[in-house]
Amino acid sequence: MSAEKNNTYQKGPNRSRNTARGQGQGNSHRPNRYSKNQGNRSNRNQPVEVKIGQKFPLTIKRLGINGEGIGYFKRKIVFIPGALPGEVVTAKVTDFTDKYIEAKVVTIREESQDRVTPEDPAADLVGGFELAHLSYPAQLAFKKDLIVQALEKFQPKGFDHYQINDTIGMDVPYHYRNKASLPIRKIKGEVKLGLYKRGTHDIVDLPTIATQDETSMAIVRQVGQILSDASVSFYNEAKNTGLVKTIIVRANQEGQAQLVLVTNVEEFPGRLAVIDALTEKIPALTGIFQNINFGKTSLIWGDETIKLWGDDYLHEEILGLNFAFSPRAFLQLNHEQMTKTYEIAIKALDLNKEDTLVDAYSGVGTLGLSMAFLVKEVRGMEVIPEAVADARLNAEENGIENAFYEVGTAEKVFPKWAKEGFAPTAVVVDPPRPGLDDAFKRALLKTKPKKLVYISCNPSTLARDLADLDAAYQVDFIQPIDMFPQTPRWEGVVKLSLK
Ligand code: SAH
């Protein structure tokens, strides 16, 4: 959706404009797909069978991990975005290697019964709507199938008997994103604020986005208008001139919002007048920040963030606790589905006052602190120092005295604690896409906490990790949750227990 890269402590894939190729480490069920020069040696000298622009009929067999249709042409795999299983389409080759063909749909000859008209008129143009043409029940089935496919690939012990629940969806699978992060440019005198047209750096101006919540969307647009009225300059990529690159608005459930203006340079002419206008016209704002991100880069955030006005934090209530989020702190984009995820994880851990809980990959402590009142002690670790500071503050603000957060990686801190004699009875892990580090898995297998819950955003690394953890753990259930409707992004909770 946004062009966000993981240079912040965000969870989730790189939402770069090259969504289809932006998949992180360990995510591919088909290694080499995107590494164009790593052709299979035996294939290398085979004549190329297709040409760019060539058209052929294609039957779609299934959906790939990025939501694209998959078919076969002369036994070569074809990736074709926008086509659905069961459909017969006329495909046109857009690119190929000796391993695969990429194509686009010219016409649909036989249409799937699951095909729907996307809710957003720009769904075919921009990223973030890869599944919008698929009926919602079929999207949920696809997300269950993603984990099944990943398990078949990595084959953890007993995987064919795993309890894999149906994906938990949303009643209304739209308007769920609480954060909008939209690039702004002036093209031929016209301000464009929206999303990149797929595969380009051209911005499609979007007054609304069907997956974005109304508050953050409306505020982003208002901010764009105010900046434009104040003659603030917008970034020009070709010339590397102009000031504001991206407008980021994060809204909470109460309709308050935190604004970050990502700029190309620090100097911000007319800053005070702009702040006045913003605060006067947008009463929902709690804080305004400037993040400086020099020059041409695919990263959204630069290293330095300056507060221009207001509160340091945006507050959000999660499961009855009040959490503070600094601009770069990770907060799940979908409040409703995040709450369900946490509730499932908490229930699966089945905690009691004797338990000592580790909240690994803790972010600002949302998960661990939600469980602090159930257990004797919580310890969490997280690599980003600012997030750990936020977690400590969140513990304090909620009057929690039995939770301790430390800066460091799970793979370093967990074994260190074990060495010091700390043997937790329960562990919740919530890693980013690359999944668990080997050293952390070894330490888990050695320490053997009785209760283990794994929250994952990547079925592939999850399946790989389950195959490593099967030495001591069995899987009680896997619960996929649709955190990102209309996109192929996956989220799920796994309950494990010691064999
Ligand atoms: N549990 C939190 C955050 C999950 S996002 C929540 O639900 O909000 C994953 C977090 O893991 C990020 O904050 C990221 O900074 C952190 N992280 C990434 N690699 C890590 C590692 N090796 N060890 C510990 N934390 C890590």
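The backbone N, Cα and C atoms fix where each Cβ goes, glycine too.
Automatic, uncurated: that is what TrEMBL annotation is.
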Return the residue out of GLN332, GLN474 that TrEMBL annotates for the same S-adenosyl-L-methionine site as TYR361, GLU382, ASP430. GLN332
Around the Cβ of CYS457 (active site), other Cβ atoms within 10 Å, all chains included, total 23
Which residue counts does DSSP give the domain 'TRAM' (49-107) for helix, strand and coil? 0 helix, 34 strand, 25 coil
